[in-house]
Amino acid sequence: MARPKIALIGAGQIGGTLAHLAAIKELGDVVLFDISEGIPEGKALDIAESGPAEGFDARMSGTQSYEDIAGADVCIVTAGVPRKPGMSRDDLLGINLKVMKSVGEGIRDHAPNAFVICITNPLDAMVWALREFSGLPHEKVCGMAGVLDSARFRHFLAEEFQVSMRDVTAFVLGGHGDTMVPLTRYSTVAGIPLPDLVKMGWTTQEKLDAIVQRTRDGGAEIVGLLKTGSAFYAPATSAIEMAEAFLKDQKRVLPCAAYVDGALGLKGMYVGVPTVIGAGGIEKIIDIKMTKDEQAMFDSSVNAVQGLVDACKGIDSSLV
Ligand code: APR
């Protein structure tokens with residue numbers, strides 16, 4: 001059987017790391033696409049040359065032509081620009097919205113059967129726009145945010161409790177970043193919910209609140225340290241986890257920005273929710289019941305996402 005084909009749209013920091021991880025894990029042949037000439041070709045060749053020492057079988061190539069992504073099984077989109085000092089939210093939205101238009105049309109024309117994972121920020125609005133421009137089925141287009149947010153949360157909790165992060169589970173909902181909603185009663189150490197661990201004296205409510213806030217600010221913390229860019233190792237690893245769930249039909253239960261129409265009281269919008277990812281793409285949205293406080297946090301997150309989507313519609317009148 002032929003190897004799966006993985007198209008990475010955007011060959012920057014995250015795109016290069018995605019390619020390296022996909023190769024090492026032998027998920028398939030990788031095509032790196034970027035408008036910047038030489039970058040995708042150079043990264044593809046560099047990673048291919050690591051193959052003999054690492055011992056993987058995967059073809060790596062770089063391109064500026066959408067024709068080369070033809071028939072891709074998975075497309076992971078990181079194309080776009082990051083927010084720079086002096087740039088307003090609407091400036092960033094306008095620029096990345098145009099990028100989503102060209103990427104969406106490229107995927108529509110050359111890889112219409114792919115499972116598409118968007119990483120470009122502002123995530124929840126960009127994944128919505130990418131789906132609109134590509135016209136692919138909603139269940140085949142999703143955004144990577146929750147896996148990263150919950151991985152950050154799990155890392156901080158494992159450090160606090162001095163236990164393996166493999167035994168820490170975390171549950172997050174809502175938009176990516178400031179309005180993210182961590183559900184502590186569904187986050188556990190080996191099945192013991194966090195509120196119970198507070199009662200058991202493993203930590204205090206104040207420390208837990210600080211960890212939740214650090215998780216919300218996780219992206220900004222890395223930007224503050226790197227100064228010239230944003231996180232790329234953990235975002236790439238998170239998207240690869242989602243791609244692998246699709247390619248291997250793992251039926252993983254993963255939080256991601258998915259199209260929700262009916263569940264959680266939502267009518268047709270993209271936002272971070274718990275999902276099941278398998279060969280069908282987003283096969284299921286898990287319709288959890290929230291407490292009053294959780295619902296209030298979720299509602300404000302949903303409103304923030306809706307505000308960005310409305311701003312996109314204001315910028316591009318073809319999006320209605
Ligand atoms: N088509 C294809 N590639 C594009 C386009 C386009 N229209 N516009 C820009 N790019 C490419 C750039 O040339 C660059 O190589 O997208 C790449 C983005 O890479 P980086 O700037 O290194 O950004 P990265 O750190 O990988 O993050 C990508 O993910 O987390 C988000 O906020 C982050 O939106 C950003 C995205």
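Cβ atoms are placed via backbone N, Cα and C, with glycine included.
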GLY10, ALA11, GLY12, GLN13, ILE14, GLY15, ASP34, ILE119, THR120, ASN121 bind NAD(+) per TrEMBL; candidate in ASN96, ASN303 listed for that same site:
ASN96
When you measure from the Cβ of ASP34 (NAD(+) binding site), how many other Cβ atoms are you left with inside 10 Å?
22
At a 10 Å cut-off from the C-beta of HIS176 (active site, proton acceptor), count the other C-beta atoms across all protein chains.
28
Same chain, 6+ residues apart, C-beta under 8 Å of the C-beta of ILE119 (NAD(+) binding site), given in sequence order:
GLY10, ILE14, ILE76, VAL77, THR78, GLY143, MET144, PRO235, ALA239
Should any of the binding-site residues GLY12, ASP34, ARG83, ARG89, ARG152 have a Cα within 10 Å of the Cα of HIS176 (active site, proton acceptor), which are they?
none
Cα-Cα, whole number of Å: ARG89 (substrate binding site) versus ASN121 (NAD(+) binding site)?
11
Neighbourhood of ASN121 (NAD(+) binding site), C-beta criterion under 8 angstroms, separation at least six:
GLY80, PRO82, ARG83, LEU92, ASN96, HIS176
